[in-house]
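Heads up: the structure comes next, in structure tokens.
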Amino acid sequence: MAFFCFIVLTYFIGAIPSGVWIGKAFKGVDVRDYGSKNSGATNSYRVLGAKLGVAVLIMDVLKGFIPLYIASKFNLVYNDLVILGLVAILAHTFSCFISFKGGKGVATSLGVFLFLIPVITLILLAIFILVAYFTKYVSLASITAAFLLPIFTFFTHKDSYLFALSVIIAVFVIYRHKTNISRLLSGTENKFKF
């Protein structure tokens, strides 16, 4: 019963559409009407500016981290936390607050894995930053980090649930970037201005 309650709590926290709500509250705009029309942190940064974009990023990361942190205080087993991590990421991507649509799951995945495997996640974050900085493609950085996640997890952790989550999220995030991949291959992907 307690685990079910945490699934519900995690979903509603993860489903908070940070970019949409912050955009409407502070700028009177819906970020889904501009740029890539995505509600995630990258498009929010482009549409709303650096300060609000960073705020969206932080909120999206916390949506993955906070539910797991709270649940861990109630003696849930590690595998339950892994499942809650998946719920948080799916909630962000399929938010009940915006017609079951949402971002691509990268920032919320960062929050989830920062809690579950902080050292590996920080290494992947460093790789993400380097790829994004030198190529100016956030999408390529996201795809690279997602691809490396299950590889790093396999060699550093023996938990089957965690490895399964890393594979699912890697495939999911890369799939969510399918239009970005097409634009990268055609040379039409938008570069990110830092």
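Yeah, the Cβs are placed from backbone N, Cα and C, and that goes for glycine too.
Source: prediction; values computed, not measured.
Under the heading transmembrane segment, Swiss-Prot lists 2-22 (among others), citing sequence analysis as support.
Within the chain carrying the transmembrane segment (52-72), a Cβ under 8 angstroms from the stretch's Cβ atoms is held by residues 6, 9-10, 13-14, 16, 18-19, 22-23, 26-27, 40-41, 44-46, 80-81, 84-85, 87-89, 91-92, 103, 107-116, all 6 or more beyond its ends. The transmembrane segment feature in Swiss-Prot is assigned to 52-72 (among others).
The annotation transmembrane segment is assigned in Swiss-Prot to 80-100 (among others) on the grounds of sequence analysis.
Sequence-distant contacts of the transmembrane segment (112-132) (same chain, at least 6 residues past either end, Cβ-Cβ under 8 Å): 61, 64-65, 68-69, 72, 81-82, 85, 88-89, 138, 140-142, 144-145, 148-149, 152-153, 156-157, 162, 165-166, 169, 192. The transmembrane segment annotation in Swiss-Prot covers 112-132 (among others) and rests on sequence analysis.
Look at Swiss-Prot and you will find 137-157 (among others) tagged as transmembrane segment, backed by sequence analysis. Same-chain residues lying 6+ beyond the ends of the transmembrane segment (137-157) with a Cβ under 8 Å from its Cβ atoms: 42, 104, 106, 109, 113, 117, 120, 123-125, 127-129, 131, 163, 166-167, 169-170, 173-174, 177, 180-181, 183-184, 189, 191-192.
For 161-181 (among others), the entry in Swiss-Prot reads transmembrane segment. Long-range neighbours of the transmembrane segment (161-181) within the same chain, counting only residues 6 or more positions beyond its ends whose Cβ lies under 8 Å from a Cβ of the stretch, are 78-79, 82-83, 85-86, 89, 93, 104-106, 109, 112-113, 116-117, 139-140, 142-143, 146-147, 149-150, 153-154, 189.
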